[in-house]
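Each remark here refers to the structure printed beneath this line.
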């Protein structure tokens, strides 16, 4: 996992900028350099014919790194990322900008779902997209074809967006006050779960072509998400996919996760998805209004 491997160092390119961004949150020794194994580095736990490398406090394995060393590296990386995320969140709040982080495996239909969402939302308020991929700007071009501005972040070898990248991309977007910002993360059900970008919610998109047990195989992502969009439901008649089992698996990992069945092609669930966006946006704005009123009362008490 990239909280210990430093896979993206120096690889990121934000479209329109003429230099690459090194990630200061990845400045640490690479675990794949051969060195004597520390005493703490235990062999993987075995259960019958299976090997479990995700045991121990770090819940990960890297040759030559102890569990305590891996934990320190992870805390350093995520601590720096969280500071950038807090800065992003403050900027989003100042703009009354509602931000969603869309996460999924490759091929889940994120971009098709997003373009259809944009078309249905219309121009009632400002919209923008930050696109994350290892290479190309194909998805950003699809978004721009809808008339909505998009900034492409190419992560190179990196397998996720981080808050520092998003902060740079946000600086390239204008006139978003009171609007919606969608962040389409790199297709990956592992690493994006750990990285807060400053968003209001993570939305996990799972297509019915992937298998209903994905929430159990990749629990961190579904635990981090507030909503699961079960996508490509128009294909269900052609697949052996147990919808109820999938939802049960997701709620085993995260009892509070909401689930909406959607299809960009047939339109199923799109109204419910848009209503969820409006409801969550309204809840967040009302919470900010309440906080501002409380601040105003505190100031009035000083008069």
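Placement of Cβ uses the backbone N, Cα and C atoms for every residue, glycine included.
Because the structure is a prediction, the values reported are computed rather than measured.
As written in Swiss-Prot, here are the features:
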BINDING   2, 5, 7  Ni(2+) 1 binding site
REGION    18-63  region 'Disordered'
COMPBIAS  19-29  compositional bias 'Basic residues'
COMPBIAS  36-49  compositional bias 'Low complexity'
REGION    99-260  region 'G-domain'
BINDING   159, 160, 191  Zn(2+) binding site
BINDING   159, 160, 191  Ni(2+) 2 binding site
Quick one: among the binding-site residues 159, 191, which has the most Cβ atoms sitting within 10 Å of its own Cβ?
191
Summarise the model's confidence over the region 'G-domain' (99-260) as a mean pLDDT value.
96
